[in-house]
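Below is one structure, written out as structure tokens, with a few remarks after it.
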Amino acid sequence: MVHSKKDKSVMKHSDIKKRGAAVLEEEDVLQQDEQLLVDGATIDCDSDDDEEFQSAEEEVLSSGSESSSKEGSTPGSPVEGSDEEAEDEDADEEEDEDAEFNRLLAAEEGDSEGEYGSEDFSDDNDTRPLREKLSSMQLKMIPDGESASVKTRYSDGTPRIIKPEITPVYDSDDTDVETANTIGNIPLSAYDEMPHIGYDINGKRIMRPAKGSALDALLDTIELPEGWTGLLDQNTGSSLNLTPEELDLISKIQKNEQVDDSVDPYEPYVDWFTRHEEIMPVTAIPEPKRRFVPSKHEAKRIMKIVKAIREGRIIPPNKLRELREQEQANNFSYDLWGDSEETNEHIMNLRAPKLPPPTNEESYNPPEEYLLTPEERAEWEKMDPSDRKRNFLPQKYGSLRKVPGYGESVRERFERSLDLYLAPRVRKNKLNIDPESLIPELPSPKDLRPFPIRCSTVYAGHKGKIRTLSIDPSGLWLATGSDDGTVRVWEILTGREVYKATIVDIKNNQDDHIETVEWNPDKTVGLLAVAAGENIYLLVPPIFGFEVENNSRLKIENGYGFDTFGNVKKSALNVNSDDEQAETEATVKKQVAQWNKPTQKQAENDVAIVITCRKTVKKISWHRKGDYFVSVQPESGHTSVLIHQLSKHLTQSPFNKSKGIIMDAKFHPFKPQLFVCSQRYIRIYDLSQQVLVKKLLPGARWLSTIDIHPRGDNLIASSFDKRVLWHDLDLAATPYKTLRYHEKAVRSVGFHKKLPLFCSAADDGTIHVFHGTVYDDMMKNPLLVPLKKLTGHKLVNSLGVLDTVWHPREAWLFSAGADNTARLWTT
């Protein structure tokens, strides 16, 4: 059967409609979540094998070719023909189809919008619904995970894979994502009269969505759907609704919540800066403080500018002209005889001190009282130039023209130049402090009585200066030792001399002097230790009665049973040993002192025993029990300190090495300790453990004597550099107080045994009496109060008071001076 061209065109038109309906149905199906293939073939969505897809494609292509061949021919039409005729016929058909398609499009574009209906886009031959059409087909869903493998056909029939849509997330970059409507930069008004509004990425038309009625718009505003904005999307023509993600984002912003779910607002806090010391530095260094405070360098620059403006070094432009005019005016009126203008000196500039103005004694015609007598002139000339109060002698001239030139002007200028060059200048700021506030509040001396205030008795009789004195334990007898070689005993109340013994014959021996005398503290004996030269004499003065004198001599004689009389025992010597060192080990240490019986002449002077040492003995101090006494020989090296035992006639040296020049040594009042005073240090030794307990640092250049408080926790020391040092043994090794009241070397210091008094005597001829209270409370410091300054001894050869001693019970003080007298000071 042969069809005409008109029939063919009608058939082609119907085919176009069928294809359009199929395209619409295919779009509806593809918009669903599950994508389907409905070309008559069955595709297994669960299979991932490429061979299955290839076979499915071949079936689809074969079925399409069969259907097209069936549609293109009738049962009665001939199939045979030449290839050329077939090709010509196909070409004609294609041209006819294109022409018909263009005509239909032109007709559609020319029609109005209201002429389109559903029947124009429906299939006339088959009016069944899509569900019935698909009922006879086998369909399988393709999961979303395999949506990338869904394949369709292009317009020429070749297969194409439809890739899944890109779902942008927060971290993705969607700046290059193409929109659904790909018309480009063309105004949408060009599609106002068309059923579609553009084309998608696949080149298919995007049909204009149907518009609702006014009632629907009103209902939409009343019952707002989720994501409703009331706006119209110009690209799609539909209402612009917000997605759930956008609604969630807006809700979080309104609630001030975290927008990004990947950020944890409650993550654990990392303490970068802790109290624990880290090895490696932390990179998160905090901002330095200088970022938040004003800059010091800028402040300095600003102050420099301000100072320059104040000083006139920076002049504003408006004042510069005035200054120039004023300067020109001043140049015409210059005061030749005017004073020079003073310039502002630098802050670090220190002017040289001005010379003192001349006084009346420097006048060429001074008053008569300023002129020196011949005796004063001779005394001035004998003095050293450094000791003179003035470096010139006042002279009187009749007139000014008779005054000669000053011969010392060059020397004075030179000395002033040296002073300015060598002496540093210091600016001292005066402090406005009330001097009375610096004086500590001390109790009145009237409230601290009794203490010695006057001289009651003078013990005169010695022909040389009295170097030492001592009071016996009973407090009735005073012993003195003088450079005349005699020891005298005085009755303290009457000042009567009751005993005299010549120890040193000054005619034959002028080198030895009586250095010290000390009574034995035991009241049952009457022993007097006298140190003269290298010997120590123990005397028993016949003033105490038979019983006391007998006990004294008996105590000395009992020691002869332990005396070796110079025969020293040697250590055991091994005769079978050939070692040369054995003989050295068997040798005995040299004897440090000898206990000898007195000669007949010495016995007549009541000398009981004589102890001979190596060097001159300067100090003697008894132990409180009266059996031991210590002697000091400054020139004897490591044997400077010797401890003598009266009951055994034994002498031993406690030290093996010399600790400097020893000046004094005394026992602790009740502990087995020995205080050793050298020139600069005071050391305290424990005799029982034979260890050094403490070392005191007085800070003096040359110590002279020491004395220990009866409680044993405080000590005073005197020095030749005019200082008295109080040491608290419970505190530091440095002095608690330093007293500087004397003008010359301090010779003696001493504590009272019962009362809170102590004194110091010096070569200036004065004795200072102090009140010293030591509290039982360890938290309170000792109270030191100056009480009285006693004067009465005369100076002889720059020597004043040489020794002092307190009465055992009363507040009386005995002193020995270089004026050959001893004095008793009472209350």
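The backbone N, Cα and C atoms fix where each Cβ goes, and this holds for glycine too.
Annotation source Swiss-Prot lists compositional bias 'Acidic residues' at 45-60 (among others).
Residues or ranges marked as compositional bias 'Low complexity' by Swiss-Prot: 61-77.
If you look up Swiss-Prot, you'll see 81-99 (among others) marked as compositional bias 'Acidic residues'.
The compositional bias 'Acidic residues' feature in Swiss-Prot is assigned to 108-124 (among others).
Computed over the region 'Required for interaction with NOP7' (291-409), the whole-number mean pLDDT of the model equals 86. If you look up Swiss-Prot, you'll see 291-409 marked as region 'Required for interaction with NOP7'.
The repeat 'WD 1' annotation in Swiss-Prot covers 461-500. Within the chain, the repeat 'WD 1' (461-500) has long-range Cβ neighbours (under 8 A, six or more residues past its boundaries) at 506, 513-523, 526, 528, 530, 532, 539, 541-543, 796, 799, 802-803, 805-810, 812, 814-822, 824.
Residues annotated as repeat 'WD 2' in Swiss-Prot: 509-549.
The repeat 'WD 3' annotation in Swiss-Prot covers 657-695. Within the repeat 'WD 3' (657-695), the DSSP-based counts of helix, strand and coil residues read 0 helix, 22 strand, 17 coil.
Residues annotated as repeat 'WD 4' in Swiss-Prot: 698-737.
Assigned with DSSP, the residues of the repeat 'WD 5' (741-780) fall into helix, strand and coil as follows: 0 helix, 20 strand, 20 coil. Among the features that Swiss-Prot reports, repeat 'WD 5' is placed at 741-780.
Among the features that Swiss-Prot reports, repeat 'WD 6' is placed at 796-827. In terms of DSSP secondary structure, the repeat 'WD 6' (796-827) contains 0 helix, 19 strand, 13 coil.
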Exercise. Taking a Cβ cut-off under 8 Å, which residues six or more beyond the ends of the repeat 'WD 4' (698-737) line up next to it in the same chain?
Worked result: 619, 663-664, 666, 668-671, 675, 677-682, 684, 743-751, 753-754, 758, 760, 762, 768, 772, 774, 778, 781-782, 784
For this session: Determine how many residues of the repeat 'WD 2' (509-549) DSSP places in helix, in strand and in coil.
Result: 4 helix, 16 strand, 21 coil
